[in-house]
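Structure first, then comments.
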Amino acid sequence: MATAALARRLGASVKDAGAKKGSGWYSSHMAAASRAILERIPLVDFTLEIRDARIPISSAYEDLRDFPPSSRRIIVLNKTDLADRRQTKFLNFIQARVRELKKDDQLKYTTTIMLVGIPNVGKSSLANSLHQIGRISAAEKGKLKHTIVSPLPGETKDISSLKIGSHPNIYVLDTPGVLHPSILDVEMGSKLVLTGAISDSLVEECEIAEYFLSILNTSNEYKHWENLLAKEDEESSRDHKTNFGGNLEVELRRRKQYLTDHTQDFIVRDVRRTLFESISSFKGNLEDEKELSKLIKVQFIALQEAFHIPLGSAKDINHRVALKLLNLYRTGRLGHYTLDPIPRNAK
């Protein structure tokens, strides 16, 4: 399959980058964090393994494989709003596990929960969400601190403790993201870098964006945009008639002012339209790697206009297109995708 070939090529680049001493993803600080986390696991009451719902298998925390399954270990799927909603329902058993834990009559006065996971799966965001819940009932209202959240992998450097509740006292430990020192499965490597668990700087952003386009082009996600685009056109036409005159001129000035901001709704709409039309009109075989690559090249050229990128060298233009496209994918503006195959017997 053409998409699998692109995934293997990207994964091989990720694997090669990781093998370079001193420049890969497994730094000395990550190794130290891994040791510190392993030392604390037997000491905490609960371990919450945070995974990315888009890659529920590839984002597994490898170090936990050395520990036997336990009711004190809970797998939490984060970023479900970015995954294919139809394939995340099988993980509802997590809620049942939590209800069972509440029946435990051996709760101590102080309970400690440690969050673990690979980089950029949202551990710090979850810690802050628990913090917000704690602010409602904690005696120390206004005194509970936030943990820093960043869209970049590896920004959490140390294990931090946040108090999220009182009576009993409940603490959550937010930990740095840790990856395995080596990734043997090249397709797993491509998924990790596409979702942002591995820094884009290790490989070419254009290569990552090409992999995303191969996934989009061979999925049905773009078909959902047909009715959406028709509805947006209708609303735009209605607004155009309503705002004819001064208000329309203000709107046109606003659009001109934000032409370089790819997160603006009107630009996202143009990007969706560009991708929808390019895929719908393509007559080649998307299962053929050369044909798929031909479509992707056409899309990069068309996206230059959709993103309003000024003229420059082809390399610079493609790099800017890739950065903007990846941002829209990672923030859910271009659909929902589950990249790992879900086991048939999963419930």
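Yeah, the Cβs are placed from backbone N, Cα and C, and that goes for glycine too.
Copied over from TrEMBL:
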- ASN78, LYS79, THR80, ASP81, ASN120, VAL121, GLY122, LYS123, SER124, SER125, GLY177: GTP binding site (BINDING)
- 112-180: domain 'G' (DOMAIN)
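When the record's GTP-binding residues ASN78, LYS79, THR80, ASP81, ASN120, VAL121, GLY122, LYS123, SER124, SER125, GLY177 are compared pairwise by CA position, the greatest distance found is 21 Å. Annotation for the binding-site residues GLY122, GLY177: lowest Cβ count within 10 Å of the residue's own Cβ, GLY122. Each of the binding-site residues ASN78, THR80, ASN120, SER124 was scored by the other Cβ atoms within 10 Å of its Cβ; the lowest score goes to THR80.
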